[in-house]
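The active site, proton donor/acceptor feature in Swiss-Prot is assigned to Glu83, His239; the stated evidence is sequence analysis. Per Swiss-Prot, active site, acyl-thioester intermediate is recorded for Cys115. The (3S)-3-hydroxy-3-methylglutaryl-CoA binding site annotation in Swiss-Prot covers Cys115, Thr156, Thr206, His239, Asn271, Ser301 and rests on sequence analysis. Residues or ranges marked as CoA binding site in Swiss-Prot: Arg204, Lys244.
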Amino acid sequence: MSKLLKPKREVGIIGYGAYVPMYRIKAEEIGRVWGVSSFPIQEKSVPGLDEDTITIGIEAARNALKRAQIDPKLIRAIWLGTESKPYAVKPSGTVIAEAIGATPDLDAADFEFACKAGTEAIQAAIGFVGSGMADYAMAIGADTSQGRPGDHLEFTAAAGGAAYILAPKSSETLAYFEASYSYVTDTPDFWRRQHEHYPRHGNRFTGEPAYFHQIINAAKTLMEELGYTPNDFDYAVFHQPNVKFPLTAAKILGFPKEKVLPGLLSGIIGNTYSGATLVGVSAVLDIAKPGDRILWVSFGSGAGSDAFSLVVQDAIEEKRDLAPKTMDYVNRKKYIDYALYAKHRGKYIL
């Protein structure tokens, strides 16, 4: 029996959009405060005082709608994957749905699975559309992640997200899913208990038994079941908590770094958690050619990975310029110091 996940009707992406806040803090500025001189990234994004996961999701959703060119009322589900929702009890997806004019005839929910909550929403949307229950569903991955002051996570925990509108594969879809595969184990590498402000992690335990075990198994299984090798893919996007991990995963799997670098943004915007691979794939779609095949592999602590094989279609050529591109947001930046960063992130407890 095949391990692949395939819907009864083929599903594609009819619209996508990303958003990254414009504020940045350099890793060396964080290091200056804490006396650290080696850094996992160059700089990271910081949300503005009036930005949160919902506003990031709204901006990304609006960009996705611009490319999809459909009436938002046709969207029958909006699912937001995040681990930093503004409300403990109140859905964020409903706010996004209202803001883009999609209410009231739709389903909305918030998904959680650490950093792979966004691709959990993608998997659900593929099933929803692929089953014929709906013709359009939106999946969003967005976060405004936090790191304890002085902890090495503080150097990478960032903000950003992306939205994807899924539809039955047609000449209007700009890419389609060949198949997907999910792999999960009970691996307590990273967690945050209720009422705690910052997450805790298992240091080195987050690497080999968590990130690499899930990523490698998910990617290998998907490729083996499809009969593909790294040579069959033009791009590969892996979850990117830093720069080192995805490049190491690529090397283990046999992908040259040239296929990874176009979607590897963590070095210049940080780890956007649930948005990480969704933003990375959006950057690849901004430059990909029809016929290109993309390997997309997420990771979420706790732990698990979703792997997708995505094939770019002709419609990408006419649709990608209908909304701001991912690098437009990456290159739009305003640097702040640690004091302003602490203010923006609510690190002052009065």
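Keep in mind that glycine also has a Cβ here, set from the backbone N, Cα and C atoms.
Structure with Swiss-Prot features highlighted.
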{"residue": "Glu83", "record": "active site, proton donor/acceptor", "CB count, 10 Å": "24"}
{"residue": "Cys115", "record": "active site, acyl-thioester intermediate", "CB count, 10 Å": "32"}
{"residue": "Thr156", "record": "(3S)-3-hydroxy-3-methylglutaryl-CoA binding site", "CB count, 10 Å": "25"}
{"residue": "His239", "record": "active site, proton donor/acceptor", "CB count, 10 Å": "27"}
{"residue": "Lys244", "record": "CoA binding site", "CB count, 10 Å": "14"}
{"residue": "Asn271", "record": "(3S)-3-hydroxy-3-methylglutaryl-CoA binding site", "CB count, 10 Å": "28"}
{"residue": "Ser301", "record": "(3S)-3-hydroxy-3-methylglutaryl-CoA binding site", "CB count, 10 Å": "25"}
Neighbours of Ser301 ((3S)-3-hydroxy-3-methylglutaryl-CoA binding site) among the recorded positions Glu83, Cys115, Lys244 (Cα to Cα, within 10 Å): Cys115
Spatial neighbour of Glu83 (active site, proton donor/acceptor) that is closest, considering only the recorded positions Thr156, His239, Asn271 and their CA atoms: Asn271
Residue pair Lys244 (CoA binding site), Cys115 (active site, acyl-thioester intermediate) - Cα distance, angstrom, rounded: 17
Between Cys115 (active site, acyl-thioester intermediate) and His239 (active site, proton donor/acceptor): CA-CA distance (Å): 8
Structural state of Thr156 ((3S)-3-hydroxy-3-methylglutaryl-CoA binding site), classified by DSSP into three states: coil
C-alpha spacing of Cys115 (active site, acyl-thioester intermediate) relative to Thr156 ((3S)-3-hydroxy-3-methylglutaryl-CoA binding site), in angstrom: 13
Nearest-integer angstrom distance between the alpha carbons (Cα) of Asn271 ((3S)-3-hydroxy-3-methylglutaryl-CoA binding site) and Cys115 (active site, acyl-thioester intermediate): 9
